[in-house]
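Trainee: Before we start, here is the structure in question, set down as structure tokens.
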Amino acid sequence: MREIVQIQAGQCGNQIGSKFWEVISEEHGIQSDGFHAGGEDEHLKRLQLERINVYYNEARDGKYVPRSVLVDLEPGTVDTIKASPYGKLFRPDNFIHGQSGAGNNWAKGHYTEGVELVESVLDVVRRETEGCDCLQGFQVTHSIGGGTGSGLGTLLISKIREEFPDRMMCTFSVVPSPKVSLTVVEPYNATLSVHQLVENADEVMCIDNEALHDICFRTLKLTQPNYGDLNHLISSVMSGITCCLRFPGQLNSDLRKLAVNLIPFPRLHFFLVGFAPLTAKGASSYNRITVPELTQQMFDAKNMMAASDPHNGKYLTASALFRGKIFTKEVDEQMHNIQTKNSSYFVEWIPHNIKSSICDIPPKGTPMAVTFIGNNTAIQDLFKRISIHFQAMFRRKAFLHWYTLEGMEELEFTEAESNMNDLVYEYQQYSNQETEEDGGEYQEEHEEHEEQAEN
């Protein structure tokens with residue numbers, strides 16, 4: 001089987017990671033004790049178990065154990081997961097935690113506290129990979145604004161890349177939001193992380209809390225969304241992206257096929273993700289939804305999980321992962337229509353740049369759904385925003401001593417910043433022919449912010 005090992009790093013990574021396991025366990029009929037629920041329907045049972053080895057290891061007693069490594073630099077989140085209803089699902093040895101925490105400091109996660117823990121994490125990762133017949137790759141859940149998910153998360157990614165250079169590395173990265181800021185040093189942590197992700201990851205699914213909040217307010221009409229609601233949205237996307245890997249389907253996919261179809265140039269592997277139809281936690285969508293409606297919704301900026309409007313850029317490539325009893329012909333027609341009617345939103349030099357796949361098994365609570373992955377040049381907005389905040393602080397050397405005390409040098413910050421700015425420039429270059437104009441605008445915007453910061 002084509003196995004995938006998941007690594008959850010930091011508080012955010014562990015929370016969205018454990019929610020993902022809850023969702024897919026339910027889809028595969030795995031109970032919280034790890035045993036299959038059984039049932040009368042032999043056909044359903046066969047579908048649920050046929051490719052379950054991708055994410056689960058079957059123990060001798062018939063228990064299914066997630067191929068997951070749970071890492072944090074403090075015990076709090078890991079202990080909460082152990083005590084949760086699904087805590088007994090995981091292998092106890094796969095919980096690894098330090099005592100001191102990273103204190104929202106990337107350098108602590110990457111250089112000091114993280115280094116002490118990294119070898120024991122890699123031992124567990126090696127043990128998990130040895131239990132695989134044919135390892136497909138790794139899936140990492142983390143945030144890039146804190147200390148552990150960003151610092152230790154990127155350290156693990158680079159170490160795993162060294163040891164398994166030919167396996168896929170896919171990350172679900174929660175990016176700092178412009179409005180929902182949790183700590184003042186987020187721009188530093190995020191810039192240093194993006195620098196690592198450009199070099200060492202194959203696919204990065206960008207998610208941010210502001211976009212998730214907007215979905216909860218506008219679409220789901222939740223007045224006070226909590227992290228449970230946000231994690232529900234993230235887990236819907238994760239379940240959708242991975243369903244073709246976990247279930248037998250008409251058009252199956254794997255991490256490498258996804259990458260080959262979505263990444264025209266190796267550095268441009270940062271994706272916008274979306275989901276339709278959007279439903280609140282615990283709610284079900286009983287309205288009969290059609291494939292044309294799903295297609296329209298999935299390209300809507302309101303359904304995107306990152307605060308970046310795809311209409312500000314162009315699609316280099318996109319992938320639509322449909323779920324439910326859907327005819328291939330209908331999907332192909334819709335994809336063709338979208339590209340014909342909205343040709344201005346797609347680059348001309350990649351023909352037929354939407355890939356689609358279909359998985360027969362719908363998610364819980366709705367008869368059909370679609371998950372969307374787009375390689376859109378508008379993703380540069382995320383990086384520009386981080387860069388502007390980074391520059392405002394770095395010019396004053398604000399908060400820098402927290403990083404230099406851990407042994408970092410200023411040069412690392414400069415390198416990370418220029419790598420991220422290069423990435424923005426590359427996205428601009430491929431977005432249209434008027435590259436100079438775009439570049440000029442970005443330069444002016446930067447100079448404007450520099451002047452504001454200096455005044």
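Indices start at 1 and increase along the chain as displayed.
In case you wondered, yes, glycine gets a Cβ from its N, Cα and C as well.
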Trainee: Starting from the GTP binding annotation in Swiss-Prot that includes Glu74, Ser143, Gly147, Thr148, Gly149, Asn209, Asn231, which of Gln11, Gln31, Gln48, Gln196 is the extra site residue?
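Mentor: When Swiss-Prot describes the GTP site, the candidate it includes is Gln11.
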Trainee: Could you say whether, by DSSP, Gly149 (GTP binding site) belongs to a helix, a strand or a coil region?
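Mentor: Once the DSSP labels are grouped into three classes, Gly149 (GTP binding site) ends up as helix.
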Trainee: So what sits near Gly147 (GTP binding site) in its own chain, CB-to-CB under 8 Å and at least six residues off in sequence?
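Mentor: In sequence order, the residues whose Cβ lies under 8 Å from that of Gly147 (GTP binding site) (at least 6 apart) are Gly10, Leu73, Gly101, Ala102, Gly103, Asn104, Asn105, Trp106, Lys108, Gly109, Asn189.
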